[in-house]
Amino acid sequence: MWYLAFLLIIGAYAADHAWETGNEYHYLIESRTLTVLDKLSQQFSGIVIKGGLTIQVKSPDTLQAVVSKTQYAPVHKTLENWNDEIADLKFDELSMSGKSFEIKLKHGVIRDVLIDQDVLTWEVNLIKSIVSQLQVDLQGENVIASSDNQIPDDSQPFGVYKAMEDSVGGKCEVLYSITPVPENFDSIPFPNLRKDGLNFFVTKTKNYNKCEQQMAYHSGITDKMNWKLGSNDGVLSRSSTSSIIISGNVKHFTIQSSLTTSEIFVRSKLHDTYSSAVYDSVKLTLDRMNQISNPMSASNNLVSTGNLVYIYNNPFSNQRKLRQPSVSLNSMEARSSENSNEENRSDDDRSNFLSNSGEEREYLQSKPTLNEAPESPLLPYFIGYKGESIQKSEDITSVAARFIAQIAWNLETSPVNAFNFSPSTEYIEPCIILIRLIRTMNVEQIAELENKLSDPIYHLQGNKLPTEYKKSYDKTTWDIFFNAVVSAGTGPALISIKNMIKNGQLKDTQAAMIISKIPKTALTPTSEYVNKFFELITDEQVTKQRFLNTSALLAFAELVRYTQSNRSIHYPVHSFGHMVSKQDNALLETYIPYMANQLTEAIKDGDSRRIQTYIMALGNFGHPKVLSVFEPYLEGTLPASTFQRLMMVVSLNRLSENFPRLARSVAFKIYMNIMEAYELRCAAVYVVMKTNPPLVMLQRMAEFTNQDQDRHVNSVIKTNIDALANLEQPEFQDLAAKARIARELLNPHIDTESYSQGFLFKKIIPSLNMAEITILQIIGSQDTTVPKSSYLNIYQSYGGFNLPPSRMSYEISSFRALLDMWYEMPWMIENETQKKLIIEETIEKLGIKGEDPVQFEGNIFVNTLYSSQFSPLDNNTIEETINAFKRIISSWQRSSKNFTSENINYLHYYDMTVAFPTESGLPFIYTLTVPKLLRINIGGGHKGSKTEHFKELTAAGYIMVHEKVQSRIGFVTPFEHRHYVAGIDTNTRLVTPLGLSISVNTTEENKKFKLTLQPSKYIRYGTGHSTVHFSVVPYTARNNILDLEHDFSKQDNDTLPVHTKEPHEIHFYISNWMFVAKSDLIDSKASEKQGMEAIKETVNLFCNSRGAYYRRFDGLMYFGEVRIRASYDFAKLDSDSSEATIPTIVNKEPDSEERKKQFLKEVGKNMNSAYGYVFDMSIDQGFDVQVFTLAYSYSQIDHKSQALFYWNVQSVDDPKIYAELGAIGYVKSKSISLNPEKALEQIPNDEFKAEIRLGNNFNEEMIKLEGNWTRTDDVKDMAMKSEIVKKCRQDMKQGNILLPACQKANKLINQKDLLMMSIDTTSDILYASANRGILWIQSLISENYVETMNLRSSSKNTIDMEIKMLPDNDDAKISLRTSQADVSFSLKDIIGNDSNVSMKDTFKEQLDDESVCVLDKTHAVTFDGKVYPLKLGKCWHVMMTIYPKRDPNNFEKTLSIPSDMRAIVMAQEMDDGSKQIKMILGDQEVHLQKSGDCLEASVDGETANFSDHKSHQEKDFEIYGSNETITVFSPTYEITVEYDGEHILLMISDNYLNAVRGLCGNYDTQPNNDFIIPENCILTKAEEFAATYAMTQESCQGPAPENKRKAEQSTCMSRSYRPSDVISDREAGRSSTKNRGWGYH
């Protein structure tokens, strides 16, 4: 209290402070504001203002003042420093009113400025910037009480204290520092004014982080933005310092000079050269002081302007809004900054930044209405005409109409303009201006613009087009208009879009796309705006349109999330206040209940597409209230499919963005329920990981992987924790540290391959100022290798400004259900007979029940920077798609269609804007604009034949993509309608033609295809040329805001590129491609390079981190007509013991049947029981023809594959051959025994050999390669010492050789570690290159690691290579030698010790478990790896069978079994301990048995003859023997069985995932449910489970009958999931009712 009393006392003595009544003060004004790319160049653009300020002191609390003789001069030149003296300035008169104004004081501190009502707003703010220099508080009037304050007095003229002080830049905390001026300081205008006092320095430093009043405009800022508006630090930062010299004492003084300098920076976090700045200063210097001799006349029209803070203009009126005088607290009422400053709040309390006394403040702009454009302050088009909207200058609807016509014309002629290598036609800049113009329009003006689009006067160029093109031009015109209006984002734009939908102008997919942009572009979505949008989405005109009704719901929910869940983040609340009042309960009372009711109705109707849409919409709200809607479905009290519940869990991601603790709590409880569906648990883990979970939770999840048996969930946890532990960004280090601690608790044996996984990728492109984090989350399937769900999230930032994230995802209930629907299509079952299949009879005997069908549900979601699309799918969708496809195919077969063409046009737009007043009174503005223009021209036609197997399809068109990233910093001078800019534009444009014609002619004997690329007859629909343009253009500019229609392709003195050096060009050509590169970084010497050197220089220029330096790249590529013919054939090959060679080609012409037959015969040589394929293709480019022929053969019995290849280039007109190449090669593996002990004695070996010949008739050059990939004793010795082999030998004592330990042991002892390869060649070039390579390696390696070898054994032109892997040392020894050079080194010598390459990991990965089923001596192993004891007895047991499923559309009907999956494998045990196998493949039966010491096979009762060199071949399978084993291999059914009489190894493809039953389990990747029996429930005892698959109806001896009776009496567990209570009463938003009796109370 003593401190406050002291301030009150000293304030009473300070009557005049800086102003002595009756005096007149004359100050000189100097002001400058400049913008620059300060880290790239010192090329400035800006303005200098000078003038005079006269002040007459009327009374202690009133000053009369006038600003006069003001002049300004533009600056656009290079300076050493921004505050240097600038020569050669040309000043023009700055037309200010010259009217006097009053300054109101309280205790010497300025409280208000009264200015004539007729003075324009821009002049008021300039006056305030000048008067702000006189705000000096030496008596603590605005002091912020603090124990750190040092109060100055006359005896101690030193002071340090903080005050809450207003200036034109805002009312913010200011740190005062007062010190005496040194005696030798000579820059004081009138040093004698100090009289008996002193000269003082007063320094004021403004803290923009703590402000009570900030004037600003912002839009497009994401909720992830890591800086606060107008702060002193961060990506966009500002600082301000005032230096004031006063004379006298702290109570009575004269202000001699006052200088305020301010700096605003945009600092890139990625590359300094992308940084930019705005510097400004305002200086007042005392020129003279005297008694008042000519009193100023006072205006009778003075009104308060509030205080010194910048005031907003009314863009659409020349009348200023009346302001109330500032009611500031004096020192008696001073508040502590620690307790009161609202700007010192928590970041989480974002919605409370406005005054505690009320949501709205008097100085804010009026709330926008729906019919009128918002009164957006500070923006060029709203203040650019003397402080008012540019609408005052001309008819902007006519300008906008001309822009639309120009853009449409540019798009229509874009293929022609593609040839222009001069400064390219500017497509994007007119779009940017058009959108910003529409933002200034009201509803009537947008309607007027719409009407003008039909006026021919605006389409003088377009009207000259032929009728066909005119129709396309008109469509393009309207497409641009629709997209531009929605991109404007204002209330009038919303009303206009609504009207267009209501009257049918916008409909179907185009309307859906347009409406999805509304939440992305909305600028001022007030309660009225949101409610009008709600009326639109519930209107029948929307709800009845298929695509629109989905898009509208999601767009609305997204908008509501931005306006209510993130109230102060996205929109200009510093200009208008909160868009939606805190008292607005429409979200809770109307919007969410409406969606919830619609979801209930959709579930009652069983309409999956509607259900999915409303789940997505509810999730998009991101509000806790949604939990109460999802609660009964997630907890199982109301019915919903697993897929629908999965969508609800995924939707928690939106909730986690604003309520991370709440979302984490619910998700963690879902994850912890091990009886829940694995898909939901995986999705819940992903949600938890997004919320920065506490360490104890991460540790719990990691530790639980040691108990949890769900492989998908464990894989998700492991991959996510690993990804988080590797995060490097500073903001994520806390999370990364926790993940690294938790990682130590993970189960070390988690298998992630083929299971659900999470990935995180980081990419930084400093040269483009872009950074990107990509998160890919996958939920695997149990019935296919294709993931069931995949979520791709892309987070991009530009130098530190985060762009709205993009998301792409798909979700599907079951790919198997989709396949089942495909198999039920008429063309898949049209040849079926009514005869009951053998497999069906077997299934009936077992009594296998069909599973309850999984209804097919799915969706595709794409959410980009610009728009979003959601496509829900169900059975009906697939049927509709298939029926549409059938209609198209049918129409192709019945008739032909002439070629027609259509255009698809998209204009996408995103911008981020930050604007606030500078201390010089001029509006600062930073914009990041990312527009994209996409044009797709596509046309097609078709022909068909009813009598022949002939079809032809033609398509042609082009794609044009133009994207710009425009970063601009600068300020606006309303009085001269100029926007001073320092900017960097990154432009990308691609125009490429698309043209092809396909004809297909297929018969049983021959299959031929003809493909023509860029067919010349359709060249007019494309161009035949492709162009690419990329540029980074830094520049400074002095843009005339009113000159809207200037020629963008021409440079003038108002726009100057920033060149650090004189730019030079590089030209180079590649065939029909021409390229030009131009840059500051290309010097005169580099510009002379050609060919490969020029290409290297260009690649270096654009691929390395080059920052914002000027560079440009243009490419022109010509694509002529290319005709491609192709054919293929297949044959079973006769055995021929001779060696295959490159033959003398019988016919070298394209499409030769003779050559194909020759190749099939040749490629089958030296192979037994081989199958062969041949593929032939010719490519006719007009000037030459290239011929390719490839033949391939394989033999299962030989474990050998062989290929023969031929290529030539020949003349189009005659058979002259220009070039020719032939190659042949094979790879052969050695068969290894199933028995590990026998395999130990064998040496695994892969033998390979290849020969290549070049030149006409192959007589020029030859290359021969042969080698082996084998095992050394090192691997054998290592294996024998391993625990795996020891465990295997224990299993083998019981007669088991195929249990998991022995499978791994077999792999371990068969690992190959030695590669030996030799190359013989006649090519001197290749041989010389090899020698140079060896010498280069020698130069890389220290002499200590190089060993010289004896090379006497190497012959001329032979290259030998040997690689010996050293897994124990995690290394490899490599030897290279020729007759001229040799080197031996280790792999680590080259790649270093820090490389990710690991020999240990490579060998370890080879031991991963495979999905095989085993019947061993005493145990069995399921496909999913479950091991259990098994005794079959002499009774057939089903190892594996496919089984029918119920039709999801008709539960009484059973789906047919796909023809390529009709397979059963059965086994029984004989009295001698051997086993027999019975296989049913389609309608054939295969029997395998052991007879004495021999293995026998029969097919349909007939003995199958085979040997080690010949297989028994059937249409769909073959039988062969090797290493005392019979193998049945069926590529048709994708089944392989290996049998040695006592042990059975069964392998099937992923096509059988979750589609089988039997002793081998259900093959769903989860071992814990493998004991599923025919009744579709799960037993716990192995013997009972096995007995349920015994064919007890037939002759059956052994334990099976008795065990089957026990199984019928045992408890069989249901396979259904068991949801739990995961949402508490409190989380659901209601008072607690559950668990009231819990605990002792």
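Quick reminder: no glycine exception, Cβ is built from N, Cα and C everywhere.
According to Swiss-Prot, the features are:
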type	residues	note
SIGNAL	1-18	signal peptide
DOMAIN	19-790	domain 'Vitellogenin'
DISULFID	CYS172-CYS211	disulfide bond
REGION	322-372	region 'Disordered'
COMPBIAS	322-334	compositional bias 'Polar residues'
COMPBIAS	342-351	compositional bias 'Basic and acidic residues'
CARBOHYD	ASN344	N-linked glycosylation site
CARBOHYD	ASN549	N-linked glycosylation site
CARBOHYD	ASN566	N-linked glycosylation site
CARBOHYD	ASN831	N-linked glycosylation site
CARBOHYD	ASN875	N-linked glycosylation site
CARBOHYD	ASN1001	N-linked glycosylation site
CARBOHYD	ASN1053	N-linked glycosylation site
CARBOHYD	ASN1268	N-linked glycosylation site
CARBOHYD	ASN1393	N-linked glycosylation site
CARBOHYD	ASN1396	N-linked glycosylation site
DOMAIN	1410-1597	domain 'VWFD'
DISULFID	CYS1435-CYS1596	disulfide bond
CARBOHYD	ASN1505	N-linked glycosylation site
CARBOHYD	ASN1523	N-linked glycosylation site
REGION	1594-1641	region 'Disordered'
Near ASN1523 (N-linked glycosylation site), how many other Cβ atoms are within 10 Å of its Cβ?
17
Could you state the whole-number distance in Å separating the C-alpha atoms of ASN1505 (N-linked glycosylation site) and ASN1523 (N-linked glycosylation site)?
17
Rounded to a whole number of Å, the separation of the Cα atoms of ASN875 (N-linked glycosylation site) and CYS1596 (disulfide bond) comes to 44
One should report the C-alpha separation between CYS1596 (disulfide bond) and CYS172 (disulfide bond), rounded to whole angstrom, as 93
Taking Cα atoms as reference points, which of the recorded positions ASN549, ASN1053, ASN1268, CYS1435 is nearest to CYS211 (disulfide bond)?
ASN1053
Hey, which of the disulfide-bonded residues CYS172, CYS211, CYS1435 is the loneliest by Cβ count within 10 Å?
CYS1435
In three-state DSSP terms, the structure that ASN1523 (N-linked glycosylation site) belongs to:
coil
Given the recorded positions CYS172, ASN549, CYS1435, ASN1523, find the one whose Cα is closest in space to the Cα of ASN1053 (N-linked glycosylation site).
CYS172
Using CYS172 (disulfide bond) as the reference point, find which of the recorded positions ASN549, ASN1268, CYS1435, ASN1523 has the shortest Cα-to-Cα distance to it.
ASN549
Whole-number Å distance separating the Cα atoms of CYS1435 (disulfide bond) and ASN549 (N-linked glycosylation site) is 60
Expressed in Å to no decimal places, the gap between the Cα atoms of ASN1268 (N-linked glycosylation site) and ASN1523 (N-linked glycosylation site) is 21
Where CYS172 (disulfide bond) falls in three-state DSSP terms:
strand
Three-class DSSP assignment, ASN1268 (N-linked glycosylation site), comes back as strand
Please report how many Å separate the Cα atom of ASN549 (N-linked glycosylation site) from that of ASN1523 (N-linked glycosylation site), as a whole number.
65
Listed glycosylation sites (ASN875, ASN1053), ranked by Cβ neighbours within 10 Å, top entry:
ASN875
Taking each of the glycosylation sites ASN549, ASN1268, ASN1505 in turn and counting other Cβ atoms within 10 Å of its Cβ, which one has the fewest?
ASN1505
DSSP assigns the residues of the region 'Disordered' (1594-1641) as 10 helix, 2 strand, 36 coil
Protein Cβ atoms within 10 Å of CYS1596 (disulfide bond), excluding its own
19
Mean pLDDT for the domain 'VWFD' (1410-1597), as a whole number?
90
